[in-house]
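> My structure is below; once you've seen it, I'll send some questions.
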Amino acid sequence: MEDEVVRIAKKMDKMVQKKNAAGALDLLKELKNIPMTLELLQSTRIGMSVNALRKQSTDEEVTSLAKSLIKSWKKLLDGPSTDKDPEEKKKEPAISSQNSPEAREESSSSSNVSSRKDETNARDTYVSSFPRAPSTSDSVRLKCREMLAAALRTGDDYVAIGADEEELGSQIEEAIYQEIRNTDMKYKNRVRSRISNLKDAKNPNLRKNVLCGNIPPDLFARMTAEEMASDELKEMRKNLTKEAIREHQMAKTGGTQTDLFTCGKCKKKNCTYTQVQTRSADEPMTTFVVCNECGNRWKFC
C-alpha cells in the first residue's frame, strides 16, 4: 500500500516540476480508492504532493478532487484520539494546531522527516529544522520575505526536496535583519544579492544546498558574492587572478624590445615581448607583448 502511494507521489512531483498535469486526475482517483491512514500520510508526504498539484493546476476537476482528498485526510489528523497509539498521540497536538489543511500537511511531513529511517542519510529529502522565524508587520520586511521565497521556488527544486520555501525565506530575511538591524539600502542590497544568486540558472547547486539545509539560513545571509558564485565563475576568477599575477611578474622582470610586432591599437611597432611556458613542456610557449607607445597588451601561442 505504501509503495503505491509513494509511486503516485513521485509522479505528481514530476508533474509539478515539469508543469504538466496530464494524467493528474487519474492519479487522484487512484488515491481516492486507497484507504488512507495517518501513518501513510506521514511516511509518504502525499499531502504535500497533492497540495502542490492543486496549487499549480488550472483544471477545476483536478483542484476540486485534490481539495476533497485533503479535506478527508484532515479528519485523520484532528480526529478522535481514542484509537491512536502513544506515538500518534504525541504527534497530534503539533499537527492539529495548524490553521489550514495545507499547513497541516506541511507540518506533518516536516515533523516526520527526522523519524523516517530511510531519510536519515538522504539529503535530497532534508527539511530544515531551524527555529521558526518571528513574525513581523513591517511591510518592507514582509515583501523581502515573499521575494526570497519566490527565488527559492525557482526550478521547482523545493517540491522534490520537500522544503518549506516560505519559512526558509523568512529565516534568511530574519538573519539579514538581525545583523543589519534596519531596512536601509544595505539591507535591501543584501536581500537583492541573495535573490539574484538563488535565481541564477548557472548556479542551481547554491539554491539546492540552501533548500536541503547544507547551507543554513544564517550562513547564507552572511555569504559574500565570491562564496555564492558558481563553480564556473570561481574558476574564471581564479584564472584571471593567475593571469594578472603573471602579467605583473612580467612587468617587473621586463622583456625584449622589438619592432617585429605591430600594435593593433596604435599601429606602432615599438613593442616589448616575453615568452613564458604556460602549458606543458611539449606545448608552444606563450608570447606576451606590450606596446611601449600606448600600453596595449596581447598574447599568442
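Placement of Cβ uses the backbone N, Cα and C atoms for every residue, glycine included.
Just lifted these from Swiss-Prot, have a look:
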- Met1: N-acetylmethionine (MOD_RES)
- 3-80: domain 'TFIIS N-terminal' (DOMAIN)
- 76-139: region 'Disordered' (REGION)
- 140-256: domain 'TFIIS central' (DOMAIN)
- 259-299: zinc finger (ZN_FING)
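Can you tell me where each of these features sits in the structure?
Non-local neighbourhood of Met1 (N-acetylmethionine): Ile34, Pro35, Leu40, each in the same chain, at least six residues away, with C-beta under 8 Å from its C-beta.
The helix, strand and coil residue counts that DSSP assigns across the domain 'TFIIS N-terminal' (3-80) are 61 helix, 0 strand, 17 coil.
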> What is the three-state DSSP composition of the zinc finger (259-299), stated as helix, strand and coil residue counts?
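Per-class counts: 0 helix, 15 strand, 26 coil.
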